Amino acid sequence: MAQHFDLFVIGAGSGGVRAARIAASHGAKVAIAEEYRVGGTCVIRGCVPKKLLVYGAHFAEDLEDCARFGWDIEARSFDWAKLRDNVAAEVDRLEGLYQQTLANNDITLFEARATLKGGKEIALSTGETVTAEKILIAVGARPFVPNVPGAEHAIVSNDVFSLPEIPKRVAIAGGGYIANEFAGIFNELGSKVTIVNRSDKILRGYDESMRERLLHISLTKGIAFAFNSTFRKIEKQDDGSLHLSMDGCDDMHVDALLFATGRIPNTENLGLETLGVETGERGEIKVDEYSRTNIDHVFAVGDVTDRVQLTPVAIREGHAFADTQFGGIDRTVDYDNIPNAVFSHPPIAGVGMTESEARQAFGNQVKTYTSDFRAMKNVLAGRNERSLYKLVVHPTDDRVVGIHMIGPEAPEILQAAAIAVKAGLKKQQFDDTIALHPTMSEELVLMR
Ligand SMILES: Cc1cc2nc3c(=O)[nH]c(=O)nc-3n(C[C@H](O)[C@H](O)[C@H](O)COP(=O)(O)OP(=O)(O)OC[C@H]3O[C@@H](n4cnc5c(N)ncnc54)[C@H](O)[C@@H]3O)c2cc1C
Ligand SMILES: NC(=O)c1ccc[n+]([C@@H]2O[C@H](COP(=O)([O-])OP(=O)(O)OC[C@H]3O[C@@H](n4cnc5c(N)ncnc54)[C@H](O)[C@@H]3O)[C@@H](O)[C@H]2O)c1
């Protein structure tokens, strides 16, 4: 007899683990399958190791700046293997905690690839078949690599965490989150970085002023940009380096090429067709506001649905699904005012409408307030790097409908400010709040 579960979750990443845990806490008998490592993209090869590399890389600037604060660091050297291996060890520790969470909640873990077999059956790569009343697909997404001759010589973000060494020259394809975050990491660690973008804009969807400021600062730090450029051919040379034949810019010679050209849902060979689960153009599973597919007992959350590819969103979707289906609590996810950040050097963070979105929605009477300043730490350090904060305010009711920032610790500051935007607070209430001095975040209540 096949083992039978109330819920079978495919994919132990951000969305799947949360859904499994909450369903189990509501009394459901739950199993989860993971084909690679428990924790998923965020923990194993996304947010967490990426952020640790961002911290590691930023020491390059701190060590430069510390001289003006009286510190004399005579010998400076960087050991990539040490950073890489310490990050990997931290990831191992976190994976262990995730496995512990599953065990503590009596969730059966199958370390196997799972596919839909038809009806309520799930096939596992171990050869077993199990059945479940409800199936949640939380298989995430994977890097998309454009079809360019020689693309197999390039790397994707997954590979960065195990590089044998930091490449001396690296080209990064794409102008989004991953391109800008990894450009910052490699640049700080001493690589000569070129971002190659098919359009002339980086970070589509972010406030224009923040994008411009990041571009300006990145150029000052030595990152090069090739805009309106695409790859014709990638050729590996005898010494292992790559020759990039380009359209739109000069050919390049690099030690590594990183494709950061978006992520596509992992829906291939999942058996979706056996049940007739509906997918969209990019292979994403189509779901309604309750994460229900067109098949009664099949649900999907997280990146595989291509709604908003962020960990806290996948977690919310998984939680809402489990509460609704197993806890008798009717719950959907509110997608308004999701805060977001790019962990570049310096980072960008934003919530709510950009200035141009607000102007489109409310007309040209929209009010904006900006503060363009140099953090006092940068002033003493002699670092000519300016921060920029912007409040976007509704033209008639005074509500702050967007906050956008670039500067040191912007994501840390923005998370708190996002509460105010979510709560619909007015500019006057920002003004009424007394500044906390001396901080960077006080600029938020001092813009007039
Ligand atoms: C480099 C990088 C940096 C990122 N940084 C951030 C960040 O700073 N902040 C942020 O919010 N988001 C970030 N993200 C995005 C974030 O990681 C994802 O949005 C999030 O992990 C999505 O969660 P998920 O549960 O949908 O899928 P995932 O976490 O990808 O989990 C899916 C799991 O399913 C498994 N799987 C797939 N198919 C099968 C199968 N058939 N059987 C069994 N198992 C299967 C996979 O191995 C994987 O473990 C980053 C992503 C990347 C790549
Ligand atoms: N800090 C964070 O929260 C964070 C960090 C990393 C990733 N993520 C998530 O992961 C997702 C994937 O990140 P990403 O940076 O790969 O995607 P992205 O969507 O941010 O950027 C993709 C870039 O690739 C370009 N592109 C797409 N197809 C192309 C093609 N065929 N040829 C050339 N260029 C092409 C796009 O123009 C864009 O500039 C993001 O959407 C984001 O949700 C979040």
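Cβ from N, Cα, C; glycine included.
TrEMBL annotations:
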- 5-318: domain 'FAD/NAD(P)-binding' (DOMAIN)
- CYS42-CYS47: disulfide bond (DISULFID)
- LYS51, ASP303: FAD binding site (BINDING)
- GLY174, GLY175, GLY176, TYR177, ILE178, ALA179, ASN180, GLU181, GLY262: NAD(+) binding site (BINDING)
- 338-447: domain 'Pyridine nucleotide-disulphide oxidoreductase dimerisation' (DOMAIN)
- HIS437: active site, proton acceptor (ACT_SITE)
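Sequence features, as recorded in TrEMBL, placed on the structure.
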residue: CYS42; record: disulfide bond; DSSP (3 states): helix
residue: CYS47; record: disulfide bond; DSSP (3 states): helix
residue: GLY174; record: NAD(+) binding site; DSSP (3 states): coil
residue: ASN180; record: NAD(+) binding site; DSSP (3 states): helix
residue: GLY262; record: NAD(+) binding site; DSSP (3 states): coil
residue: ASP303; record: FAD binding site; DSSP (3 states): helix
residue: HIS437; record: active site, proton acceptor; DSSP (3 states): coil
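The Cβ of CYS47 has fewer other Cβ atoms within 10 Å than any other of the recorded positions CYS47, ILE178. Note: the CA-CA distance between ASN180 (NAD(+) binding site) and LYS51 (FAD binding site) rounds to 13 Å.
A Cβ within 8 Å of the Cβ centre of GLY174, GLY175, GLY176, TYR177, ILE178, ALA179, ASN180, GLU181, GLY262, the residues given for NAD(+), is found for these other residues of the same chain: ILE172, PHE182, ILE202, LEU203, ALA260. Listed recorded positions: CYS42, CYS47, LYS51, ASN180, ASP303, HIS437. Those with a CB atom under 6 Å from ligand 2: none. Taking CYS42, LYS51, ILE178, GLY262, ASP303 as the recorded positions under consideration, the smallest Cα distance to HIS437 (active site, proton acceptor) is found for LYS51. For ILE178 (NAD(+) binding site) paired with CYS47 (disulfide bond), the C-alpha to C-alpha distance reads 10 Å. A separation of roughly 20 Å, to the nearest angstrom, links the Cα atoms of GLY174 (NAD(+) binding site) and CYS42 (disulfide bond). Cα to Cα, LYS51 (FAD binding site) and GLY262 (NAD(+) binding site) are separated by 19 Å. With a CB cut-off of under 6 A applied against ligand 1, the recorded positions CYS42, CYS47, GLY174, ILE178, HIS437 are reduced to CYS42, CYS47, ILE178.
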